[in-house]
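Student: In case it helps, TrEMBL gives these features for our protein:
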type	residues	note
DOMAIN	69-147	domain 'Copper amine oxidase N2-terminal'
DOMAIN	165-260	domain 'Copper amine oxidase N3-terminal'
DOMAIN	304-707	domain 'Copper amine oxidase catalytic'
MOD_RES	461	2',4',5'-topaquinone
SIGNAL	1-23	signal peptide
Ligand SMILES: *[C@@H]1O[C@H](CO)[C@@H](O)[C@H](O)[C@H]1NC(C)=O
Ligand SMILES: *[C@@H]1O[C@H](CO)[C@@H](O)[C@H](O)[C@H]1NC(C)=O
Ligand SMILES: *[C@@H]1O[C@H](CO)[C@@H](O)[C@H](O)[C@H]1NC(C)=O
Ligand SMILES: *[C@@H]1O[C@H](CO)[C@@H](O)[C@H](O)[C@H]1NC(C)=O
Ligand SMILES: [Cu+2]
């Protein structure tokens, strides 16, 4: 045991002694009897639904299922798999295991009629280093697999090049080791005098894509100082490494960018530095401006919400029931949160609503950032859903759900409390009216919603993913960005690409675009795509024919093919977009759900740019395609690392097919432009930084279903103000109920990635 460890142990003993004394003192003080709320479901709230277990066909694989899939494949002699714990880049090993979603037709037959349960299958991504191929296998049936088949061609229409694979922990390890042991020793004096490098105080952030054409695997690494909030501490050094070789001894430095100057090798930088004919950086200690440690002691507590009479929703396995709503949920390591079989009053509204992709395109004059186009699902959006913090990430009283994931690992990892579900009083009426003048009364309904959330910390950025269920039958999907901006070392010309936000630090301009999938099924799968807007037209005033006026009129249109319904980012589009049924409501109008986008992307990469094919979903504000099981996602695990010949080229889904009386899928893009500014330090805030969309009933019902909400309040002058019959708030004071909250726990650091 070294001296520091002994010292720590001593402190720990002392701390536990103090804690015990405090605990004993607290026991001694007699606590008054406090009534506690029942944590059981409120009686009668859920009488219209029951959990049926059918949602399990959409549930993520369990820890045991991941294990049996791995063990089954390891036994297949023809695959020649090496355990990923010991595999090198030239071996064949498992990279990812996750649920393979059932085919929609089979799933619907099982859910809606007495069809058989679809086979439960896993999707497994194998990196075949020995054959230079990436292969996706389907393994089934679980829990006792008997078959595996190569699904790559069916899904992607082609074989996948080995160079399109993401970088694994092992490869990162080789790269950082190569720098530390082969290159940095050559730069001893430069690193010492410029950065006070001590062998362990550097961190690296990579730019992507890893080159300029298909097959390139030569990434720029920006060096950041290892201190709290590394992303805001660039030191002024960037290095481009060719790591295309499967043998790490073949890794090479291609360029070095030091204080705004390019060099072809460490030797060149060293020699020029020693001769003194370059612009040097002279080390100065960084201030700790990026730390998130509170700068003053906490005081006060923000308001909390709690459930007076217990929960009004219930979560069983992966199924949630809430008032009139019901849905299944899961978390894909790659694409993040998805919901299936979303029903309101028992009727399916959407088969699937899911996150697909999040991209960010950066500007800078520094080499690593000027190329950067991050395509996050290739890194894994859901992969980085860590434990949520009670009382901050989700309300304290939320229900927390654990997830298991298998990505770049050799056994499923357990992520505690990585999804949260809660009912939330938004503190604003969903609807209300106070009638003055002729009749006096008041009717209102507080906006109480159910939210299911996960938060994914994808390196510097944290994305909050919310699905919000309203009592009027609307579903809102939101994304918010927070966390650290990425930054670059300030050099001449930097200010064209952003603002200076700290000493020597440029906050680099970038876009955030996010793509979602909404597979709506409005009264079944036979749907149409309708648009509505208004236009002014001129009419003669009937009682004054010599005058003409402009009157807004309803403009309705049906778009009949995928091409017509691919609504481009730079196009003026109708404001109302509907997935409609040919069934009508009581008033004779086609029943529909409206897609209402809250914030469109804005400018997209020009289509002439070779990388554009990998993110071609961003060409469209909304695109409607005919449902196909093999067009399940708008992007892929491989799009980032081979942007030039992407595994999924979304624009090819739009190929002239009819979308009349078909099963339709809406691909919805939302986003914002981020020009970093001083207040992004230390963190970007969620307020104002996000996007999303609503799916809202539109002539779907005959009236607003929220009129039946049990939370409705009604007042009129004849009702005594202390009567609780139509106004539960009048009796709130009689609720003798304290929240029964669970103890605070946190284990989120158990599964962090170490390289
Ligand atoms: C660095 O490499 C580039 C491109 O190969 C070349 O044009 C340039 O002359 C090289 N610089 C030096 C100093 O060798
Ligand atoms: C509505 O669509 C269904 C399914 O294609 C079809 O059978 C029916 O005839 C259609 N009804 C009307 C009124 O168009
Ligand atoms: C709207 O409903 C009517 C009546 O069922 C039907 O004839 C018509 O085809 C529907 N229109 C669309 C675009 O679905
Ligand atoms: C992507 O798909 C579109 C539409 O099919 C096609 O025109 C384009 O060439 C494709 N691009 C690549 C790089 O595959
Ligand atoms: Cu941003």
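Note that Cβ sites are derived from N, Cα and C of the backbone, with glycine treated the same way.
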Student: Around residue 461 (2',4',5'-topaquinone), how many other C-beta atoms are within 10 angstroms of its C-beta?
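Tutor: Excluding its own Cβ, residue 461 (2',4',5'-topaquinone) sees 24 Cβ atoms within 10 Å.
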Student: With DSSP as the reference, give the number of residues of the domain 'Copper amine oxidase N3-terminal' (165-260) in helix, strand and coil.
Tutor: 33 helix, 29 strand, 34 coil
Student: Pull the DSSP breakdown for the domain 'Copper amine oxidase N2-terminal' (69-147) and write it out as helix, strand, coil residue counts.
Tutor: 18 helix, 26 strand, 35 coil
